[in-house]
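Record features (TrEMBL):
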COMPBIAS  714-733  compositional bias 'Basic residues'
DOMAIN    19-53  domain 'LRRNT'
DOMAIN    296-344  domain 'LRRCT'
DOMAIN    366-400  domain 'LRRNT'
DOMAIN    647-693  domain 'LRRCT'
REGION    694-733  region 'Disordered'
SIGNAL    1-17  signal peptide
Amino acid sequence: WGLLLLTVALGLGGTAAARCPGPCICDNLRSQVLCLNGNLTAIPRTIPQLTKKLDLRGNSFTVIPVGAFLDTPYLTHLDLQRCKVERLEEGAFRGLGRLVYLNLASNSIALLYQESLDGLSSLQQLILEGNRIEEIQPGAFGHLGSLTVLDLRANALVYLPDMVFQGLQVLRWLRLSHNALHVLGSEAFAALPALRRLSLDHNELQALPSEALARLDGATRLDLGHNPITYIAEEALAMASLKHLFLDHAALQDVAPDAFIHSPQLHTLDLRENQLRGLPPLAGSGGLARVSLAGNPLLCSCLLRPFRDWLTRARVQAEGSCTAPPALRGRPLDSLRPPEMRCGRPLPLPSPTTPLEQSRVAGSGQCPQGCACSPDFRHGSCENRDLREIPRGFPGDTRLLDLRRNAFRVVPPGAFPGLKELVSLHLQSCGIGALQPGALQGLDNLVYLYLTSNRLSTLSAAAFKGAPQLAYLDLDHNAFTHLPVGTFQLLPNLISLHLQHNTIRELGEGDLAGAGGLRWLYLAGNTIKRIAPTALAPTKMLEKLHLEGNCLVEVPTSALWGLPVLSELKLSRNPIKHVGDGAFLPVASSLQHLYLDNMGLERISPGAFTGLGPKIRSLFLESNKMSNIPNMSNFTGLEILNLRDVPFHCDCQLLPLRRWIDKLNLRVGATCGSPTEARGLKVKLSTTFQTCPGWRRGEAGGASPDKTKAATKPSKKKRSGKSPARSFKKSRA
């Protein structure tokens, strides 16, 4: 890099070098700029105009404003991973008509608006993995006519509305794994003529979304594993080009004989790790070459003979082995001979009742005066109309109803008659002070309810009567001083609960009673001082717990017992001065992401991280006051470690940490706060360790010199042919 920067400076003069922002590295020969982990809070304005690849990973932008990249119109690759982005303003990427790759993974984006991605007409890959996206407004991808890969994995999606992917005419791979999807509009995939692969694994689908999938004539691979699907019904899958179907690790108990009769190209069928005791001969599957049944409790009796005979006739390879009867236990399917498959006492194979198809109510009625109704998207909107009462008369097939920014004050009983198909209801900023009992009566399919920025201070369980499918409840920015006790008793499917920026003072015993299916609990920005030891006990499925910006003075260790799958814990911006031994022991087996930043933390006990180890992927400790941290050598799975703005005392006691940091292939940002001669230096560059017992001559190897030294250091080596990305990955700071 030193030779490279020198070459750039000599070849292009001082102008290009001067334009390179302070914390960045500019490679004008390759038209690349790196600004990694630089604590930037705004997009630098002095990036060279001709830059093609811009890497901004690990900064703190929060919002990407309108026209943020107008000064760099030649960009083709933009990486914004781990930048704490919460919102993309409409028009944020305007002017980037040449961009082909955009990575926004591992941020905190919750909603995609219609114009959020405007201006990206050449974009081919969009990565939004690991955000908090709970809803996508139809039209959000309408300007991405060149997109071939869309990655929405590991978000919080519960519902996909009709035509949500409209405009993606050349999309080939749609990745929706690791969400919480359990409702798909029948036309959700209708506008994807070029799609070849759809990944829907690790969701909450309880039945095959037959109508939605039937629109995918060209798809060749479908991933549906890890969904609680129990039965594949007659003619359930009509995908003319499908070749590979993955239904592994589901809850399948039976498959109808003609389930795949309308998928004639099917070649591979993966049914591993289900609850199948057998299969019937599969009609119309002439192209099928392989069926995997490994990990199923197969009953190899006479009842399985027809399937075994069919395998032989159709020359289909089958994987799997018998569980019963005892005489055949462990025998591979393909080794069985028909005379061995006997029935001493006929036992019918379980065949669950086919789930009834819900009748689809046709749209009827006119749109209320002053409102707009879209029959194509089945949306209704009366946003910002200064309405005093909730309007009635929307079409009966309305799926999304937007009533934001009105002045309703109260939501009375039966406020939404005839809207049994409604999935998403927006009531943000309506001055609502009361949600009366029966207010949601009749909303049988409601999944999303947004009540953000209202005046609610209490709720009763009766308010949610008649909305049993509610999965996402947003109560941010209201007037709650405590959790509304008993509210969740009638919400068995609640997955995500937002109560951020209220004035909740404590979590008491029984506050979350009935919320047994809750996965994500957001309580940031309250005034919580205490969490009762059993307050979180009902939420055994909790995966994310956000408590940042409260008034906790210690880690709520006792309240973490009984949370066996908690993977993310945020305690940032709490006045916790000391983390004691075993603080995270209750969740040590599952925790992956831990946030302890900006707390004024002064001391971490040597045993504070007891039990934590290779599972930890990210640890945030920046902006604290401790001078040392415990041994973390067993944190071998770390992908992110932030130690910026921590005043480390760089003496011999810190030598183990310095050696460990030197081995990490990560930018951690650790600097010395003392002694005076080392203040401000990176820990790994400080010379104070050279006087320590056991210091080995030349141990500083691998430490990167600063840019000035690099630019003046001569080198006789030839430039390597390694890609810039690989070189950057190997550099450590």
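A Cβ is built for glycine as well, from the same backbone N, Cα and C atoms used for every other residue.
Remote same-chain residues near the domain 'LRRNT' (366-400) are listed as 138, 161-163, 185, 360, 406-409, 411-412, 415-426 (criterion: CB distance under 8 Å, separation of at least six residues from the stretch ends).
Residue counts for the domain 'LRRCT' (647-693) under DSSP, split into helix (H, G, I), strand (E, B) and coil, are 22 helix, 8 strand, 17 coil. Mean pLDDT, taken over the domain 'LRRCT' (647-693), works out to 88 on the 0 to 100 scale.
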